[in-house]
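Enquirer: Below: one structure in structure tokens.
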Amino acid sequence: MIKLSNITKVFHQGTRTIQALNNVSLHVPAGQIYGVIGASGAGKSTLIRCVNLLERPTEGSVLVDGQELTTLSESELTKARRQIGMIFQHFNLLSSRTVFGNVALPLELDNTPKDEIKRRVTELLSLVGLGDKHDSYPSNLSGGQKQRVAIARALASNPKVLLCDEATSALDPATTRSILELLKDINRRLGLTILLITHEMDVVKRICDCVAVISNGELIEQDTVSEVFSHPKTPLAQKFIQSTLHLDIPEDYQERLQAEPFADCVPMLRLEFTGQSVDAPLLSETARRFNVNNNIISAQMDYAGGVKFGIMLTEMHGTQQDTQAAIAWLQEHHVKVEVLGYV
């Protein structure tokens, strides 16, 4: 449905040249939810704006539904853009128009008959859960409701593709979850292809089928969500995955934790499990093999793309030789082990 090939985008600011994208290629199959994740300034927004040519690539090819957009005339491009809806971090609603009027706007601009506009807008507001807000104004809506109006407006022309530019980053966590569930529901009901960009791995984990990691204008990793969470290939992907798990050292342990070993101490370990290592009984196996005992302090597990992953804080009791051997064995079995200190 979306195929970007060798996209390069260069900006010129006076005598300065800024390369925002460098030889980026990306394929989003029809009906998928595809996420692009990266830090601020990585090139995410430039990339998604190249899909509908809000930013025209310096080099490269942009195919949407089999049509090469970079070769179209302005009138042809305007027509093609009707098949590409877009929502943004800021909702960009017209404050002087009601909810109905905001959603109706693209249909009015397309000279759609009034009866058809009424039918379509009513249908869309019902779809996004705002069937009772026809006559409300944006100033009377919450942030989540405003984004629902923006989604309905983006769907007004029956697009085949929806682009989401940091669409949930201005929302609180509960509202973010509800908007993501709405996007997932729309994807299922309408077969809509969704390309979203974000700096939050929680967004990717919750609704995406595939994910690409962007850094300094280059895609450094892309695969299914389950594969990236199971076997992240780059340090940046690992960092984003770790950001979805939050496990603090309990206060009483922080007070006792020492950086260097001392008499009768035990190491405190942070264990990170991904993919196959999650379900394998590795801790009980280390106890049998190396005569060590693990006292689990706290743990957190989660799912992404059907794959379980998680982290654990544990004290490992045993001789220095046995604990070192057990740690090495865990690492051989795809567990990331960090010695946080000694207690």
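For all residues, glycine too, the Cβ spot is worked out from N, Cα and C.
Heads up, here are the entries from Swiss-Prot:
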BINDING   Gly38, Ala39, Ser40, Gly41, Ala42, Gly43, Lys44, Ser45  ATP binding site
DOMAIN    2-241  domain 'ABC transporter'
Enquirer: Neighbourhood of the ATP site (Gly38, Ala39, Ser40, Gly41, Ala42, Gly43, Lys44, Ser45): other residues with Cβ within 8 Å of the Cβ centroid, in order?
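Expert: Here the non-site neighbours turn out to be Ile197, His199, Ile214.
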Enquirer: I need the least crowded one of these binding-site residues (Ala39, Ala42), counting other C-beta atoms within 10 angstroms of each C-beta.
Expert: Ala39
Enquirer: Let me check the 10 A CB neighbour count of Lys44 (ATP binding site). How many other CB atoms are there?
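Expert: Around the Cβ of Lys44 (ATP binding site), 24 other Cβ atoms lie within 10 Å.
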Enquirer: I'd like the Cβ neighbour count for Gly43 (ATP binding site), meaning other Cβ atoms within 10 Å of its Cβ, all protein chains included.
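Expert: Other Cβ atoms within 10 Å of Gly43 (ATP binding site): 25.
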Enquirer: Return one of helix, strand or coil for Gly38 (ATP binding site), based on DSSP.
Expert: coil
Enquirer: Which of Gly38, Gly41 (the binding-site residues) has the most other Cβ atoms within 10 Å?
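Expert: Comparing the binding-site residues Gly38, Gly41, the most crowded Cβ belongs to Gly38.
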Enquirer: Test of understanding: give the count of other CB atoms lying within 10 angstroms of the CB of Ser45 (ATP binding site).
Expert: 20
